[in-house]
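> Below is one structure. I have some questions about it.
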Amino acid sequence: MTEHQNVDHAEIAKFEAIAERWWDLDGEFKPLHEINPLRLDFIANKTGGLFDKETLDVGCGGGILSQSMARMGAKVTGIDMGQEPLTVAKLHSLETGVNVEYIKVPAEQYASEHPARFDVVTCMEMLEHVPDPASIIHAVAELAKPGADVFFSTLNKTPKAYLYAIIGAEKLLKMVPEGTHDHKKFIKPAQLIAWAEQAGLKVRASAGLSYNPLSKQYSLNTDVSVNYILHFEKLA
């Protein structure tokens, strides 16, 4: 599969259709806004701080994480294949004065053009939306410098993840639009780690992300059965 084929146009269309509401704190992307501080803290902690680090956000969408990392002093580039989310991200960057470079380009192509460039690479909630997640993981590894910090987050392929992310979040609680996720595309941590190790990455830490529907609060913990985040180091 070439890099230009590793795009699910139906997935892109889902996010294009609602891109204008990316920064609406009570809209379809409310869960992303709510988990962002937890993701950001995890990344900042594992990297020892982001200040002045060349940082790439793969699958950046409307720029929620990208802009948060830039506010911490990182030199951030965000790449995505959705034009509307990138347009929203650029406008929000102009409105807030937070400097992020946004580019529409496949990760594989960008990796061939910028190998071993970045100190930090993030790829959050993207792998479950592409036809070939292993290809993205290899591109991310290629983009990272030796010793760089690399982060992936996605959904575990478990019955609990189906129950919580699709039945609960989509159908019952209406937290995200119905059809956002496909359980067949969820990825077990062992599979993600295997792909990452093949690409020259070494796992360093993991965390689970849980939602309490009673308190309506998210938390990081050791339960990786639904949402999880993995931290890797690029080997020399």
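Just so you know, glycine gets a Cβ as well, placed from its N, Cα and C.
Heads up, here are the entries from Swiss-Prot:
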- R39, G59, D80, M124: S-adenosyl-L-methionine binding site (BINDING)
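Quick one: how deep are these features, and who are their neighbours?
In the three-state DSSP reading, M124 (S-adenosyl-L-methionine binding site) counts as strand. The Cβ of M124 (S-adenosyl-L-methionine binding site) has 22 other Cβ atoms within 10 Å, all protein chains considered.
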> Can you give the largest Cα to Cα distance in Å, as a whole number, for the residues R39, G59, D80, M124 that bind S-adenosyl-L-methionine in the record?
19
